[in-house]
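Report on the following structure.
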Amino acid sequence: MNNSKSNEDFSTLILINRIVYHDYFLFLIIAGTCGNLLTAITLLRAKLRKYTTCQFMAVCTLLNIGVLLTNTMNMLLSVGYGIHFRSLFDLGWCRINVFIAQWIRGMASWFLVIVAFDRFRQSKIIRRTPVRDQHTVSHTIIITSLLLLITNLHYLLFTGEQVPLSNKTLFLACIFHKNSENSAQRFFASTNAWQELVTIIIVPCILTLILNIFIIKKSFLNPTNNEHLKSRSKSRTRRVTTMLLTSNIGFLAMVAPAQIFIALLFDPELGAETPSIHKSFMIKVAIFQCLINTYYAASFVFCFASSSIFRREIKKLLHKRYKPKHGINRGISGPLSSHEIRPFLLQTQISIANGSSNSRITEYALERTNPVRATQSTIEGDVPTEH
């Protein structure tokens with residue numbers, strides 16, 4: 001009787017895991033990758049690319065794609081489809097996958113701090129003519145990448161261990177095992193959760209929150225004295241700032257609380273003694289994983305909903321991509337079907353017809369009466385027009 005009730009309880013967990021990890025995560029990976037890629041292309045268009053904030057945000061969207069294709073994909077395969085992708089091959093394959101996934105997660109978190117600092121720095125002093133440094137973004141990417149490579153190096157060196165299963169077969173557990181004979185494995189198994197929580201979540205969230213408060217103060221509550229700028233420039237700057245704030249608030253509201261909950265309360269041996277508590281915890285984890293991974297897939301939604309300049313650039317991009325190339329030429333060169341539809345073409349044809357009979361007489365008269373003027377006009381006409 002108790003076994004049947006227990007099976008019913010865990011059938012609910014299996015159903016939720018199937019909906020979340022099997023179906024919803026597949027949708028997030030496909031839609032999020034396409035949406036984030038479109039967002040990065042739009043942010044790097046000429047009108048938005050002149051803002052370094054938009055350049056940094058484009059890098060953030062590309063990093064979000066990396067999170068979807070590493071962490072989200074791993075949960076989709078392992079929990080949703082039962083394919084342990086990181087454990088398919090040898091220990092080197094496991095360590096490289098974990099290292100790249102954690103490095104991209106750290107980059108995605110810290111670049112939110114970088115883009116917020118860049119916006120805060122620009123909101124303090126607004127110049128009449130913007131100073132363009134072509135290497136700021138690339139140098140920042142290189143320095144941040146090197147620092148996070150060093151801080152995540154332990155994943156590349158110590159992750160993973162062969163663990164015996166109940167049927168006496170060995171399974172490559174691609175984690176830090178706390179019962180391992182390796183002292184480094186035991187050390188990182190006990191400290192890694194806190195290390196991730198501090199370096200990827202807590203510190204970036206605190207810095208981002210502080211910088212966002214100052215950005216709101218400088219850009220909206222007490223804006224910098226910039227009367228020399230046109231109202232259009234002020235409006236564009238505020239729209240870019242709003243787009244950044246929306247993305248940062250999404251991270252603070254969706255990723256940070258869920259990640260803190262999972263890191264603090266997760267215990268891999270919880271289900272051995274109390275299956276009901278383990279089931280309740282895993283259902284909560286599935287819900288919080290939905291929030292975390294939805295954020296990484298929703299960059300397009302954040303930018304599109306918060307900034308009219310982004311929506312305008314999206315419309316221009318799609319119009320330029322899908323408009324017919326020869327539609328205008330066919331319309332002009334085709335027969336004149338209706339006077340009401342194209343009256344300007346009718347007027348042009350009538351004027352050409354009326355002037356064709358006496359064009360030679362008029363030209364001859366002008367050349368005879370004013371040859372000097374004709375010569376000067378010919379010389380002036382040879383000079384190319386500068387645009």
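Each residue, glycine too, has its Cβ placed from N, Cα and C.
Per TrEMBL, the features are as follows:
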DOMAIN    35-264  domain 'G-protein coupled receptors family 1 profile'
TRANSMEM  24-44  transmembrane segment
TRANSMEM  56-76  transmembrane segment
TRANSMEM  96-117  transmembrane segment
TRANSMEM  137-158  transmembrane segment
TRANSMEM  197-216  transmembrane segment
TRANSMEM  240-266  transmembrane segment
TRANSMEM  286-310  transmembrane segment
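Relative to the transmembrane segment (197-216), the listed stretch 240-266 leads the set 24-44, 56-76, 96-117, 240-266, 286-310 in CB pairs under 8 A. Long-range contacts of the transmembrane segment (286-310) within the same chain: residues 16-17, 20-21, 24-25, 28-29, 31-33, 35-36, 38-39, 42-43, 47-48, 57, 60-61, 64, 67-68, 71-72, 75, 108, 236, 239-240, 242-243, 245-247, 250-251, 254-255, 258-259, 261-262, each at least 6 residues beyond the stretch ends and with a Cβ under 8 Å from a Cβ of the stretch.
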